[in-house]
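The structure under discussion appears below in the form of structure tokens.
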Amino acid sequence: MLRVRCLRGGSRGAEAVHYIGSRLGGSLTGWVQRTFQSTQAATASSRNSCAAEDKATHPLPKDCPVSSYNEWDPLEEVIVGRAENACVPPFTVEVKANTYEKYWPFYQKNGGLYFPKDHLKKAVAEVEEMCNILSMEGVTVRRPDPIDWSLKYKTPDFESTGLYSAMPRDILMVVGNEIIEAPMAWRSRFFEYRAYRSIIKDYFHRGAKWTTAPKPTMADELYDQNYPIHSVEDRHKLAAQGKFVTTEFEPCFDAADFIRAGRDIFAQRSQVTNYLGIEWMRRHLAPDYRVHIISFKDPNPMHIDATFNIIGPGLVLSNPDRPCHQIDLFKKAGWTIVTPPTPVIPDDHPLWMSSKWLSMNVLMLDEKRVMVDANEVPIQKMFEKLGISTIKVNIRNANSLGGGFHCWTCDVRRRGTLQSYFD
């Protein structure tokens, strides 16, 4: 089984157990060791009649609006984000650790202000066209409520302005008939959930499960205030050592650091997702789902779907610039690993929150249809060779806000059932 191999991957697995345990302390060492062991106990517990009630494996309520188990079943309903009123986040330590140095002056100058008006206008138009095309493809589209993100707020621990509701993938995760609100890790995203509450309440009234992960205080202790990030080399060394700007003070995670493949969900420790956050998700979803920690050669890990994007049963896009340390284990499990071509986005195009690899941040409408950027001809040809039809949409200006098609959406309902692809 892949779980055994993936989470006991030779010396890397042993090193991870030792490192995570030492970082989190003795009280949490046990769960780390259990995570890196066989799933025999989990399999046995899943047969226990005590777990029979209220599990995701049970039939969904009739006409439940929420039902999605993976990234590729036929898409029926989706939430698409908004660029309206998007604000540049204040230049705090967690923002600095997640952005490229060439953009730091932009944040220092514009933190708390709206993103450039003309750019936002173009992004809004692109996303509207994306919504229209999704509707024409037979997909129901929902949108978050418009909010003025420039409003300053204060908690007992910090004060900030907001960011946006552009990326529902970052804050919402659908697992079966349950929609989970992530706690987030940026202070500018503390109240981002408010834009989605009217949609989620509607789903809840119609039979969906609704879970809100523990909200972090986002006190100073959650962040390494002296995190050294003067060069890419520094970031590589720190990431290799398992050191990130977020500490283990309290659970935090962005939903976009998890990617689903039926019963198996893969997560990465990143600048915004800590081990406590992953452990919260693991316990919450057990025993029906198995959460695996995987890692990459990535100097700035934040969100998994422009690094490792599962696009079909046994089919994954793996970023050649950020190779997965456990990739051989997927190969041994019989999966096909596809290396996407180099993106063609121009060097002078602003990418304030991301890299050019948003080209692989695609949205699958089903196993044979993919929404891809109209400018990215090389990856279009790659999909065509795989027998996947491309639906071409231009979201180049929307990319500047930090996401591609996968980031800009949260698939709420896909027509399919819960299956295991690794047993």
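Residue numbering: from 1, along the chain as shown.
From the backbone N, Cα and C atoms, a Cβ is placed for every residue, glycine too.
Per Swiss-Prot, the features are:
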TRANSIT   1-43  transit peptide
MOD_RES   SER46  phosphoserine
MOD_RES   SER49  phosphoserine
BINDING   ASP170, ASP305, ARG322, SER354, SER355  arginine binding site
MOD_RES   LYS385  N6-acetyllysine
ACT_SITE  CYS407  active site, amidino-cysteine intermediate
(request) Please find, for ASP170, ASP305, ARG322, SER354, SER355 as listed binding arginine, the greatest distance between any two Cα atoms, in Å. (result) 20
(message) Among all protein chains shown, how many Cβ atoms are found within 10 Å of the Cβ of SER354 (arginine binding site), not counting that one?
(response) 22
(request) Calculate the distance in Å between the alpha carbons (Cα) of ASP305 (arginine binding site) and LYS385 (N6-acetyllysine), and round it to a whole number. (result) 21
(message) Between the Cα atoms of SER354 (arginine binding site) and CYS407 (active site, amidino-cysteine intermediate), what distance do you get, rounded to the nearest Å?
(response) 11
(message) With Cβ-Cβ distance below 8 Å and at least 6 positions apart along the chain, what are the contacts of LYS385 (N6-acetyllysine)? List them in sequence order.
(response) none
(message) Between ASP170, ASP305, which of the binding-site residues has its C-beta surrounded by the fewest other C-beta atoms within 10 Å?
(response) ASP305
(message) To the nearest Å, how far is the Cα of ARG322 (arginine binding site) from the Cα of CYS407 (active site, amidino-cysteine intermediate)?
(response) 18
(request) Count the Cβ atoms, other than its own, that fall within 10 Å of the Cβ of ARG322 (arginine binding site), considering every protein chain shown. (result) 19
